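A.B. asks: After the structure tokens below, expect a handful of questions from me.
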């Protein structure tokens, strides 16, 4: 009897040891420190050798568009594709679709409605934030952050306009900080002629997705001292 009990205990212990790694992996996949909220300038997305395609709904407004809300770690790494059991479900954001088309347009080729873009962002990044926000809240929060930050308004107020001219990186960063209260990280890409241009703006959001914070860490890469702000 004692031998049987010992054997059962050993089997239970082995089973527990086999299960624990998967439990920890599942929990750590949704454990993160902050969000990057990333917006992109459509003129810079399109003004490259790769070019772009307008959405099936037509050319978007000349305004920054949402790229995504990305959970991140303080060491600069990030979780991704955390929950295959929670795929994108367009019915959960049916009340947001019209706003999504305006504020989160796709520019990828071939032309699309935007749904494939939103699906990618949710499944790669959004599924890793479910310990804080659900699918509807993920998109609703992003839309609210875009309205709150109003990047184009911040830049034009400082005399920085999407007119194809070059502006100092410091003036772009400074105008956004003056407007939002927080330091942005600026990402550049290159136009068809190889000139550096304003492409994406990163701002950081606290882990509860309730407000902006100073970024614990910035991505790698840098822009030149002077960068173009192309028209769209």
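Glycine residues also receive a Cβ, built from the backbone N, Cα and C atoms like all the rest.
Unlike curated records, TrEMBL annotations are generated automatically.
Predicted, not measured: the structure shown is a model, and the values here were computed from it.
Dumping what TrEMBL says about this protein:
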type	residues	note
ACT_SITE	67	active site
ACT_SITE	121	active site
ACT_SITE	125	active site
SIGNAL	1-25	signal peptide
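Where in this structure would I find these features, and how exposed are they?
C.D. replies: Other Cβ atoms within 10 Å of the Cβ of residue 67 (active site) number 21 in total over all chains.
Residue 121 (active site): 21 other CB atoms within 10 A of its CB, across all protein chains.
Take the CB of residue 125 (active site) and look out to 10 A: across all protein chains shown you find 24 other CB atoms.
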A.B. asks: Residue 125 (active site) to residue 67 (active site): how many Å between their Cα atoms?
C.D. replies: 11
A.B. asks: Can you grab the distance from residue 121 (active site) over to residue 67 (active site)? Cα atoms, rounded to a whole Å.
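C.D. replies: Checking the Cα atoms of residue 121 (active site) and residue 67 (active site) gives a distance of 8 Å.
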